[in-house]
């Protein structure tokens, strides 16, 4: 019985780097992996997962309309990897759990938990409820504490509190923040 | 900066037992704890947290209308403990996170993740999104694998698939099941 | 393939309470467990595991001379549980790992990591190296931080720094301490 | 109070990749890190940490004679990172723990737990006993199960069971194996 894994972390916690490392490990053993990312994340081009350290590779994309069935997974796939898994829907997470549990292919999902207002992403909520194993990928706030929230900044570096949940971008627009900083606008002394 | 902890487990995973152990440890050090449970869980009497091993003690109760503010917590409280935390609302979980982060009192929440249909409880979803630390309390399915789901049975021991999300009861009505068993009605051979 | 689990915690972290909860969960399902404790720990009588909350039950005892073989485990045993596992020897931990991996019976070990001088116990070192899964059972220091060390006190409550590694006793002689307190004799302000 | 972290994994589990990701995260925030690796590991050149995915950077080296004191750490260092931490001695691990706890600089150690014979490395044993937080970096065996052991192969790909504990090399000489495979020479069917 394979598992559904949920590995969450704030912005820039190394989620894609970890995903690429896992893919590399399977492939060194001659085993194929299947990588998905959200279609709406096109920072490195649509259908590309990439990291700030310069590594990247192509991936299948998913939208809220994608259906995941065992038949979609090529014969011989050893592992299915998701980047930006917070954009999955609740029914998609359930489909992926069934693929892992009933068809024996581990599914490893990397993603954010909450948006710039501290509200949960649908996929993150569903993964937190169903995943067989939950792990945090850690990163740091400017104060040195663990960062678990994401803050959105405008072009002048001012915090943005209102707006659309999704506004895809890189370091310029978001940074990871500890809870104290997220709630108070200042890191704890 | 204190933390919000989310310690989830299926039915009979020892959640209340763990909660009482934590309370005992603080009290041995002469430090007071505050225990809450859901008003609707009256298996051991309203406002009582109890375990199948026979331990029990009184607790404050919460309903979806309860507001949690730092002012509600008696001076000198070292830790706030929640049993049946899956019945918290999303705003309540946010309030508790702010109490931990801004007022320095750790809040430890024990509860189920999903109901008998595999749908998430609101409090469990919110805790999975905001908690500073997530840990699983494990229990076993009849097949010996880790159980992470809950199955509801009727008086004749037949699985129930339809009905209200909440129907409080003990061993007679629910048991913990591994994902394979939850999805297929039979444990994996 | 079953696993060897290592669940460590400082004095009074609820290790025995957790062990008894796991045993109870298996037994509720009609499955037998086998419990061992160290012969030299006779706080609750030789061959008894007990907790400060009042629960206790009989157990097999082990000494450094005990050999663990699959043949020693009664047919139908669903799980083997060890209390005071820090007193295992390195070869014993290896034997238990082989029983879990080759014979399919999970082995769950509870114990301390270090003695009153901060030196490791042999069994704890071996479990940290071989266990398939490692988890911490947490408790608190007087300052409210996580305690991970153990301090020995004399009858007048003064810290003892020299002496035998093993001097079995209850609350009167030991308490759990955070690392800062362990190294400096005072909790961090 | 900063922490000593122990993040272990078998060969090729992505330990160095994770280390470089953490370093990058601190540096993006304008904070300096200090990286150490074992002098005897010169796969990428002495004093270089490198990954199979092509990333690398210079590092300080340590030998069993190195002493670690707070004074060695440049003013403003936000985090100290160790690759090949299994080669630390027990006193060195203690020194690093004191630096984290008493001087407030987190120390994150990456390394192997056991050698090709399944015997523990000294540094790994000490880190398992003292670290404030322990996490596993996972990789897979050829059978798809989690690998936690390391197997040494000769040039013809035959398993080597005798020899020196340390024989530094890359993929050609070692691979990660699940416990069943390590003990029986074959992956579990």
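Any Cβ shown, glycine's included, is placed from N, Cα and C.
For reference, TrEMBL has these:
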ACT_SITE  C:84  active site, proton acceptor
BINDING   C:9, C:10, C:11, C:12, C:13, C:14, C:15, C:16, C:83, C:84, C:85, C:86  ATP binding site
BINDING   C:166, C:167, C:168, C:169, C:174  substrate binding site
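Within the group of binding-site residues (C:11, C:13, C:166), the Cβ with the highest number of other Cβ atoms inside 10 Å belongs to C:13. Listed binding-site residues near residue C:174 (substrate binding site): C:11 (candidates C:11, C:13, C:15, C:83, C:85; Cα-Cα distance within 10 Å).
When secondary structure is read from DSSP and collapsed to three states, residue C:15 (ATP binding site) falls in the helix class. Site extent for ATP: the farthest pair of Cα atoms among C:9, C:10, C:11, C:12, C:13, C:14, C:15, C:16, C:83, C:84, C:85, C:86 sits 15 Å apart. A simple way to gauge crowding: the CB of residue C:85 (ATP binding site) has 32 other CB atoms within 10 angstroms, across all the protein chains here. Nearest Cα neighbour of residue C:166 (substrate binding site) among the listed binding-site residues (C:13, C:15, C:85): C:85. Residues within less than 8 Å, Cβ to Cβ, of residue C:15 (ATP binding site) and separated from it by at least 6 positions along the same chain comprise C:7, C:9, C:83, C:110, C:111, C:137. The two recorded residues, the residue listed as 'active site, proton acceptor' and residue C:11 (ATP binding site), show a Cα separation of 11 Å. Between the alpha carbons (Cα) of residue C:13 (ATP binding site) and residue C:167 (substrate binding site) lies a span of roughly 18 Å. Each of the binding-site residues C:9, C:83, C:167, C:174 was assessed for Cβ neighbours inside 10 Å, and the highest tally belongs to C:83. Spacing of residue C:167 (substrate binding site) relative to residue C:85 (ATP binding site) is 16 Å (Cα to Cα, whole number). Proximity to chain B, defined as a C-beta distance under 8 Å, is registered for none of the recorded positions C:9, C:11, C:83, C:84, C:167, C:174. In the three-state DSSP scheme, residue C:83 (ATP binding site) is classed as coil.
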